[in-house]
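Peer 1: The following block contains the structure, expressed as structure tokens.
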């Protein structure tokens, strides 16, 4: 397997968030809601079920304070996730607030695309610099079978509109599944041949609620990787703030392929991201502990020093790697609550 070079950045990018294994954290994944309106068969096949007690998601002011603390400690990139973040009525205000935080250079959005065609112009105006949208199939019927929603054509129009208004690249996510996604690989490759899309195939991950689905549908991304390498695709360098994807390009394609393979050896070695849930808990790993509560330090601006101290101290408890390879997904029953 080819190794991926890491693209080094300047000294002004040095983060104060460094763990025991000398990994540097410049990337925050911020969930703003647990609610999702899709019923994806690999995540929430029965749809979102609200808890019996009313949950209060992070407010604008709380979001502002947590992002400011991370930025002060060297974070440069924030990804707004959910659930489906655009379902929040104040989503545009959230995006604007994050984008206006001193030190934040990229504000990315992960979305199911439900409102993309309608709102993409507003997202851009609010400060969203990068977009990841889920498209698990390019077949209308299959897309509805996977997601429970007949929205494929609208999402594809939203992607086209993003290019029209100046987005230079859109990342498209598809969960790699034996029955659904894998047979469409050629169709996805044809789609990105003349479009600046990074088509990202994400290995299905085992979670508490989806064990049987995982056993039936899991497919290693290595099989896709080997095929692409044989067809002339080449691995690209990674920047410090990039996500976990191994990215491949081909001289005959305008688009790229990204492979996210959490079961691969050393997957965690280049981890650069921390997660804050919509309820204000810091999660050191997607497949980890119950989270470290930050909310008691988000009510006043005067608590910033305490908040930053808690973040730095908590990071020292981050494990070297997850334990997915032995079937341990931690407390994660599904990925909707923390945005994957």
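For all residues, glycine too, the Cβ spot is worked out from N, Cα and C.
The GTP binding site annotation in Swiss-Prot covers 29, 79, 110, 171, 273, 274, 275, and the record cites sequence analysis as its basis. If you look up Swiss-Prot, you'll see 36, 40, 43 marked as [4Fe-4S] cluster 1 binding site. Annotation source Swiss-Prot lists S-adenosyl-L-methionine binding site at 42, 83, 134, 205. Residues or ranges marked as [4Fe-4S] cluster 2 binding site by Swiss-Prot on the basis of sequence analysis: 268, 271, 285. The annotation domain 'Radical SAM core' is assigned in Swiss-Prot to 20-246.
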Peer 1: Measuring Cα to Cα, how far is residue 42 (S-adenosyl-L-methionine binding site) from residue 36 ([4Fe-4S] cluster 1 binding site) in Å?
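Peer 2: Spelling it out, the Cα of residue 42 (S-adenosyl-L-methionine binding site) and the Cα of residue 36 ([4Fe-4S] cluster 1 binding site) are 13 Å apart.
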Peer 1: In Å, how large is the greatest distance between any two Cα atoms among 42, 83, 134, 205, the listed binders of S-adenosyl-L-methionine?
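Peer 2: Looking at 42, 83, 134, 205 as a set, their Cα atoms extend up to 17 Å apart.
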Peer 1: Any idea of the Cα spread of the GTP site, 29, 79, 110, 171, 273, 274, 275, as a max distance in Å?
Peer 2: 20
Peer 1: Count the Cβ atoms, other than its own, that fall within 10 Å of the Cβ of residue 40 ([4Fe-4S] cluster 1 binding site), considering every protein chain shown.
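Peer 2: Residue 40 ([4Fe-4S] cluster 1 binding site): 20 neighbouring Cβ atoms within 10 Å.
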Peer 1: With every protein chain in view, how many other Cβ atoms are within 10 Å of the Cβ of residue 274 (GTP binding site)?
Peer 2: 23
Peer 1: Around residue 171 (GTP binding site), which residues of its chain at least 6 apart sit with Cβ under 8 Å of its Cβ?
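Peer 2: Set apart from residue 171 (GTP binding site) by at least 6 residues yet with Cβ under 8 Å, we have 130, 131, 132, 133, 197, 198, 200, 258.
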Peer 1: At a 10 Å cut-off from the C-beta of residue 42 (S-adenosyl-L-methionine binding site), count the other C-beta atoms across all protein chains.
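Peer 2: Around residue 42 (S-adenosyl-L-methionine binding site), other Cβ atoms within 10 Å: 23.
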Peer 1: Tell me the coarse DSSP state (helix, strand, coil) of residue 268 ([4Fe-4S] cluster 2 binding site).
Peer 2: helix
Peer 1: Taking the Cβ of residue 29 (GTP binding site) as centre, how many other Cβ atoms lie within 10 Å?
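Peer 2: Step by step: centre on the Cβ of residue 29 (GTP binding site), count other Cβ atoms within 10 Å, giving 22.
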Peer 1: Using Cα coordinates, what distance in whole Å links residue 40 ([4Fe-4S] cluster 1 binding site) and residue 134 (S-adenosyl-L-methionine binding site)?
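Peer 2: About 11 Å separate the Cα atoms of these two residues.
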Peer 1: What mean pLDDT score does the domain 'Radical SAM core' (20-246) have in the model?
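Peer 2: That stretch averages a pLDDT of 95.
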Peer 1: Between residue 285 ([4Fe-4S] cluster 2 binding site) and residue 274 (GTP binding site), find the distance joining the two CA atoms and give it rounded to the nearest Å.
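Peer 2: So the alpha carbons of residue 285 ([4Fe-4S] cluster 2 binding site) and residue 274 (GTP binding site) sit roughly 7 Å from each other.
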Peer 1: Give me the count of other Cβ atoms within 10 A of the Cβ belonging to residue 43 ([4Fe-4S] cluster 1 binding site).
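Peer 2: So the Cβ neighbour count for residue 43 ([4Fe-4S] cluster 1 binding site) comes to 22.
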